[in-house]
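**Q** Features from Swiss-Prot:
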{"type": "BINDING", "residues": "109, 110, 111, 112", "note": "(6S)-5,6,7,8-tetrahydrofolate binding site"}
């Protein structure tokens with residue numbers, strides 16, 4: 001079976017590695033162009049490119065798949081099926097129609113829930129207790145195609161987007177190589193999604209991470225985990241950004257101004273008034289400094305009153 005693979009970030013490498021280990025012929029790996037990264041803005045290849053070159057696979061890095069010349073290049077590879085894992089661009093019909101078996105996509109949610117670009121963050125923000133991964137066949141819509149297989153996992157109360165995303169793509173890679181042979185033989189009945197049950201996530205922006213202290217503490221605590229590693233949950237003190245790396249809900253009947261530090265926890269961490277309950281700042285990162293305990297940060301703040309905003 002001739003496979004064309006589309007993916008970009010580190011967690012997409014799990015699927016590429018699994019396909020190579022299973023002995024499939026990868027006729028091409030399509031990934032995003034090298035981009036400037038890091039403080040020195042050095043041109044950096046996507047992790048999938050690094051993995052593909054290590055496997056000796058041909059790599060394509062088009063700026064967009066909408067270019068007709070790119071479409072013809074993909075067609076010339078004569079793939080039987082495509083596999084997509086967080087490539088970073090919705091595939092248009094001209095691309096979708098190239099492989100006879102279409103494109104299979106690994107999506108880190110239990111579709112039709114949490115379609116779109118940020119399903120893991122969406123599940124954490126919503127306080128879900130279970131999530132999972134879906135193998136589905138792409139159609140021209142956004143994560144709306146029929147389902148081949150799903151696997152469910154518990155979503156622990158301390159789950160963070162970065163590690164959970166990696167875990168789900170590992171699981172998805174395993175599920176993919178299990179179902180791919182049966183799919184190719186026509187032994188899997190595709191299950192249409194119930195579009196009436198669909199929920200959709202949005203692309204995150206940096207400002208999404210700014211904390212509104214009038215929100216309930218439980219919502220802000222979820223933000224610290226859902227927005228890790230990016231855009232992070234943050235606030236400001238004396239005009240400087242303060243990232244909230246880890247936090248805990250602290251029940252209180254106090255009625256201070258939201259954002260005001262109203263005391264210390266048993267561990268010495270600051271307790272911040274929110275719209276409902278207080279939030280214990282367990283770990284924070286001041287601007288241009290390393291992460292530190294909330295207690296250490298509070299000890300270095302010399303002010304009779306602290307209000308974050």
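Using N, Cα and C of the backbone, Cβ positions are placed for all residues, glycine too.
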**Q** Neighbours of the (6S)-5,6,7,8-tetrahydrofolate site 109, 110, 111, 112: Cβ within 8 Å of the Cβ centroid, same chain, sequence order.
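**A** Filtered neighbour residues, in order: 107, 113, 114, 115, 119, 132, 134, 143, 150, 193, 198.
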**Q** Return the count of C-beta atoms lying within 10 angstroms of the C-beta of residue 111 ((6S)-5,6,7,8-tetrahydrofolate binding site), excluding that atom itself.
**A** 27
**Q** Determine the Cβ neighbour count for residue 110 ((6S)-5,6,7,8-tetrahydrofolate binding site): the number of other Cβ atoms within 10 Å of its Cβ.
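**A** Within a 10 Å radius of the Cβ of residue 110 ((6S)-5,6,7,8-tetrahydrofolate binding site) lie 20 other Cβ atoms.
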**Q** Near residue 112 ((6S)-5,6,7,8-tetrahydrofolate binding site), which residues of its chain come within a Cβ-Cβ distance under 8 Å, counting only those 6 or more away in sequence?
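**A** Non-local contacts for residue 112 ((6S)-5,6,7,8-tetrahydrofolate binding site): 143, 144, 193, 194, 195, 197, 198, 199.
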